[in-house]
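Enquirer: One structure is given below, represented as C-alpha cells, and several questions about it will come after.
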Amino acid sequence: MATLSDIGVAAGINLLSAFVFLLAFAILRLQPFNDRVYFPKWYLKGLRSSPSRSGTFVKKFVNLDFRSYLRFLNWMPEALKMPELELIDHAGLDSAVYLRIYLIGLKIFVPITFLAWAVLVPVNYTNKTLELQLKNVTSSDIDKLSISNVPDGSDRFWTHIVMAYAFTFWTCYVLLKEYEKVANMRLQFLVSEKRRPDQFTVLVRNVPPDSDESVSETVEHFFLVNHPDTYLTHQVVCNANKLAKLVKKRKSKQNWLDYYQLKYSRNNAKRPIMKTGFLGLWGEKVDAIDHHITEIEKLSDEIAEERERVLKDPKSIMPAAFVSFKSRWGAAVCAQTQQSRNPTLWLTDWASEPRDVYWQNLSIPYVSIAVRRLIMAVAFFFLTFFFMIPIASVQALATIEGLEKAAPFLKSLIEIPFIKSVIQGFLPGIVLKLFLIFLPTILMIMSKFEGFTSISSLERRSATRYYLFNLVNVFLGSVIAGSALDQLNTFIKQSANEIPKTIGVAVPMRATFFITYIMVDGWAGIAAEILMLKPLIIYHLKNTFLVKTEKDREEAMNPGSLSFNVGEPRIQLYFLLGMVYATVTPVLLPFIVVFFGLAYVVFRHQIINVYNQEYESAAAFWPDVHGRIIIALLVSHVALIGLLSTKHLAQAAPLLITLAVVTIWFYRFCKARYEPAFVRYPLQEAVMKDTLERARDSNFNLKPYLQNAYIHPVFKEEDDDEEEEVVKLENESVLVPTKRQSRRNTPVPSKMSGASSQSLPEAVPEHS
C-alpha cells in the first residue's frame, strides 16, 4: 500500500510535470511563429494579425525581449480579468456556463475541505484501530486519516453523519443557486441575442408519404393549412451523404496537389514522384502533380453526376424538412405542440442552429431510430462490463506485488525507495488514463449510429455514457475490484462473517489510487491541455508543406473546441470522488480543490484565446450537469450506509436513508422549477422578442434571411445558380396548388385580417 511519503513523491513528480508544461507553454506562446497556435480565436475574429518584427532574421521567429520572459505567468491573471458578460459576448453562453461547472466545484469543495480537515481528520486520526484490531489487513498511513481508523460502534461515527448532512445541505444550496442563476442567464441570453435562423425554424420529421404530391408539396400544404398565419417557408432534407464524401475526398486530393506543387516550386530541377499503392508505400510510380490533377478532375465529374442525381431523384428526398415561421411565437407553438392525431407523424422539435446540425443523420429513417438506440444500449452494456476485466487485470499488474509476480527479475529495481514510490503513486493512474484514450471516440461513434441530428445532442449523449462508464468502471470497478483483490488472501483465511467487515474497512483504502489518478489526470493532464502540443506540431507541418496563401494559413489553424463529451464527464468524476470521500477519507479533498482551481484558470484562458465553439445551445446541457452532481451525492450516501453497517452502527441507517430521500426530493423540486427553461421556450418571451424586433426593424424581410439557412453545406460550396435548384423558392401567389383531387386549392389567409376564405375548413379535416 502507498504511504504518505509515496504520495508525496508522486505529488512532487506530478507538480513538476505540471510546472514543466506550464513553463513550456509560457515560453512557446511568446514566440512570433506560434502566435496563431495559442491565439487563433482572435485571428478568426479578425482582431489580431501576425506579429511583424523588424530586425534580424532570428527576431522574426524568436522573441528576444528577455523582459517578457520574466512575466511568463501573466497569462493567469489575464485569463481572470474578462468579466462574465463580456465572456458571453466573446465566446457564447455555452462556454461561460461550462466554466461555471469548475466554479461550482470550488464553491462546494473549498468549504467542505476546511470543515472536513478541521473536524473529521482529527476524529479519524486520534484512533489506533488499524494498528491494534486489523493487523491482518494491509493498510497505509493515509488510511489512518480515514473513517477506517475509527473503532466499531464508536460514538465518533455520529460526527461523520452530522458532516454528511452538512456537506449535502451545502451542496444542495450551491446547486439551487447555480441552477437559478444559469436558468436566468439562459433566458436573458435568448432575449438579448441577435436574430438567428433556429429561433424561427422547426425540424419536422416523419412526414407521411403521399402518392399525389412530393415531400416538399406535402409539407407546404400541411403548414399552410394548419399554421396559416405564421408559416413562412421550408427546406426539405435530402440525402447528400455520398456527395459530401466525394467533396471531402476531392478536398483531400487538392491538399496533396498543393503540397506537391509547392514542393516543385521550391525545386524545379525534379518533378515530384509518388507511388499509387496503399499510403504511397508501393505501386506504380507516377508524376505526383499530374496524378492528382487527373484524380481531382475525375472526382469533379463524379460530384457533378451525384449532385444531379440528388437534385432530381425523388428517393434522395427524405420525409423531413426545416420549416420556418414568420415569428418566434409561431415557431414555438409548432415546436412544442402535437401536429397530428397520430402522434408518430409530423413530429416537430426545435431546429438546431445551422452550425449545430449533424447532416449525415438527417438521412436516417425515423422509424429505424428506436431499433438503432436499442442496439446501442445493449452494445454499451457489454462494453461497460467487459471493459472492467482488462482494467482490473492491468491495474493489478500496476502494483508492486503485481509487477514482482509478473517480472521477478525486476524485484531488486522495484524495491529501490524512489522507484517504488513512483510505481505506487504514479503508475496506476497512468495505466487507467491510457485505457480511456479511445473511449470517447467509441462512444461518439455509437451516438452517431443512434441517429441524433445535432452535434450538441451527440455530445450530450456521449457525455452521459462516458459518465456511466466512469461510474461503473473507473469508480466502482477500481473500488470493488481493486480493494477486494488486494484483500483476497485475507478473505480466504478468515471466517465468512468477517468478510463484510473487511470490505467495509478496505473500500476507503482505495483512496490512495484515486489520489494518484487525480494528480496524473487532473494536474498534469490539465497543464498538458494548455500546452497544445498536437495542434502546435500539426500547424507547423501544414505551414511548412501546404500553406501558400493567407487563407491557407487560416485553415491550418486548429483552435479546437471544448469537447463537452470528454470534458464534462471527467469533471463529474471529480465531483463523485469528492462527494464519496469527503466523509470517508478527507485527505483526498485538497487534491480535488487544486484540480478545480487549475482547470478553471486553464480553460478560461483557452476559451478566451483558443477554442472556437462549433455551436451554441444556450447552456442546454445544464440539467445533465445538475443531475450528475445529485447522483454523486446519492452514491456518497449509499457508500456511507454500507460502510457504517460494517461498523456496528445500524441505527445510523434510517438517518442516512432520510438524507438520500431529501436529496431525491431536492432533485425533483429543481427539475420541476428550473428544467422547463432548458426544454421549452416560453411563449411570453417569444412574443416579447418578436414585438421588440418589429419595433426596431419593421421593414426587415425575414424570408430571404431564412430561405437558404438550412441548405446542406455541400451545396453552399457550389455556384449560386446551381444552388437555386436546391432551394425551393415559394411564390407569392394567392393560391397554393395541390395535386390531390379530393380537395380544392388551399388559399393563403388574408394579409389584412388574417382570416381565411370559406374553403379552408374543407381542407383542415384531411390533415387533422
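Residue numbering: from 1, along the chain as shown.
Yeah, the Cβs are placed from backbone N, Cα and C, and that goes for glycine too.
Annotated compositional bias 'Polar residues' per TrEMBL: 744-760, in sequence order. What TrEMBL records for 7-178 is domain 'CSC1/OSCA1-like N-terminal transmembrane'. Residues or ranges marked as domain 'CSC1/OSCA1-like cytosolic' by TrEMBL: 199-361. Taken from TrEMBL, the feature domain 'CSC1/OSCA1-like 7TM region' applies to 372-644. What TrEMBL lists as region 'Disordered' is 722-768. If you look up TrEMBL, you'll see 6-28, 101-120, 157-176, 374-398, 418-445, 466-485, 514-533, 573-603, 652-669 marked as transmembrane segment.
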Enquirer: Quick one: do the transmembrane segment (101-120) and the transmembrane segment (652-669) have at least 3 Cβ pairs under 8 Å, skipping pairs fewer than 6 apart in sequence?
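Expert: Taking Cβ pairs at least 6 residues apart, the transmembrane segment (652-669) and the transmembrane segment (101-120) are not in contact, as fewer than 3 fall under 8 Å.
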Enquirer: Which range out of 157-176, 514-533, 573-603 gives the transmembrane segment (652-669) the most CB pairs under 8 Å?
Expert: 157-176
Enquirer: When the pLDDT values for the domain 'CSC1/OSCA1-like 7TM region' (372-644) are averaged, what is the result?
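Expert: Across the domain 'CSC1/OSCA1-like 7TM region' (372-644), the average pLDDT comes out at 80.
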